[in-house]
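**Student:** Structure below; questions to follow.
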Amino acid sequence: MAQPQYKRVLLKLSGEVLMGSQPFGIDPEFVAEMAAEVKAAKESGLEICLVIGGGNIFRGMAGAAKGMDRAQADYMGMLATVMNALAMQNALEQLGVPTRVQSAIEMDKVCEPVIRRRAERHLEKGRVVIFAAGVGAPYFTTDSGAALRAAEMRCDALFKGTSVDGVYNADPKQDPAAKRYDTIDYDTVLADNLKVMDASAVALCRDNKIPIVVFSIRERGNLARVLAGQGVQTIVQ
Ligand code: UDP
């Protein structure tokens with residue numbers, strides 16, 4: 001594999017990538033596949049921070065749409081991200097990759113709290129650090145959590161693995177003429193309301209000059225290719 005151009009990266013995966021072909025929840029086989037991709041990326045010499053969403057289990061907005069109190073539903077969503085983080089930690093450690101989970105909601109029986117200096121030490125020692133529970137507050141998403149941790153941990157880039165291979169000027173599933181950008185600037189993403197990440201996450205990356213690399217996580221081996229600066233992707237910068 002070509003030499004990666006980054007040293008430390010934050011990888012954001014939506015919860016949906018853990019559910020495989022199931023309608024919801026966690027499919028251990030898929031988690032193992034994702035863990036193998038992360039392992040390959042780590043073996044290329046990168047320091048890896050990981051943030052996993054919770055949409056495969058629970059989304060606060062969905063609960064609120066059905067009449068729940070939004071903040072209460074969001075806390076449930078944050079707990080879902082901790083379950084995903086533990087599932088990924090299990091899969092990574094089964095592959096021999098030492099991993100620590102740090103949660104923004106303290107849960108000392110199952111993982112560490114978020115402590116930046118400790119996370120630094122884990123990365124130095126070659127561990128993958130999974131940041132769970134987003135920013136630890138309702139009305140946010142794990143995209144904002146990913147942008148926050150990427151800034152805090154001084155990551156060289158935020159890699160957002162999704163089901164599409166980049167950012168388009170229209171929804172490629174609806175419009176066959178939709179065009180994919182190779183690069184695009186933060187302000188165009190915000191002004192045109194392009195569906196990359198939440199506006200607050202994009203703004204945080206912009207203000208801290210963290211490039212966002214959007215790529216498809218569905219193709220096997222793509223993460224390693226994209227990290228090496230190859231493969232199909234859109235860079236928001
Ligand atoms: N959430 C939250 N604050 C955060 C991060 C997450 O309230 O800082 C809640 C929110 O309800 C969200 C859910 O956790 O819907 C799951 O996260 P997200 O929707 O970002 O997961 P993804 O779409 O990436 O799977």
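Quick reminder: no glycine exception, Cβ is built from N, Cα and C everywhere.
Sharing the features that TrEMBL gives for it:
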- 7-216: domain 'Aspartate/glutamate/uridylate kinase' (DOMAIN)
- Lys12, Leu13, Ser14, Gly15, Gly55, Arg59, Thr162, Tyr168, Asp171: ATP binding site (BINDING)
- Gly54, Asp74, Val135, Gly136, Ala137, Pro138, Tyr139, Phe140, Thr141, Thr142: UMP binding site (BINDING)
**Student:** Please list the binding-site residues from Ser14, Gly54, Val135, Thr162, Asp171 whose Cβ falls under 6 Å of any atom in ligand 1.
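**Tutor:** Correct list: Ser14, Gly54, Val135.
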**Student:** Could you tally the C-beta atoms, other than its own, that fall within 10 angstroms of the C-beta of Tyr139 (UMP binding site)?
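**Tutor:** Its Cβ has 12 other Cβ atoms within 10 Å.
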**Student:** Spatially speaking, which of the binding-site residues Lys12, Ser14, Gly55, Thr162, Asp171 is closest to Tyr139 (UMP binding site)? Use C-alpha to C-alpha, please.
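**Tutor:** That would be Gly55, the closest of Lys12, Ser14, Gly55, Thr162, Asp171 to Tyr139 (UMP binding site).
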**Student:** Among the binding-site residues listed here (Gly54, Gly55), identify the one with the smallest other-Cβ count within 10 Å.
**Tutor:** Gly55
**Student:** Average the pLDDT scores across the domain 'Aspartate/glutamate/uridylate kinase' (7-216) and report the rounded value.
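**Tutor:** The average pLDDT of the model in the domain 'Aspartate/glutamate/uridylate kinase' (7-216) works out to 95.
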**Student:** Same chain, not part of Gly54, Asp74, Val135, Gly136, Ala137, Pro138, Tyr139, Phe140, Thr141, Thr142: whose C-beta falls within 8 angstroms of the C-beta centre of the UMP site? Give them in sequence order.
**Tutor:** Gly60, Gly77, Met78, Ala133, Gly134, Ser144, Gly145
**Student:** Roughly how wide, in whole Å, is the group Gly54, Asp74, Val135, Gly136, Ala137, Pro138, Tyr139, Phe140, Thr141, Thr142 that binds UMP, by largest Cα to Cα distance?
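**Tutor:** Output for UMP binders Gly54, Asp74, Val135, Gly136, Ala137, Pro138, Tyr139, Phe140, Thr141, Thr142: max Cα distance 14 Å.
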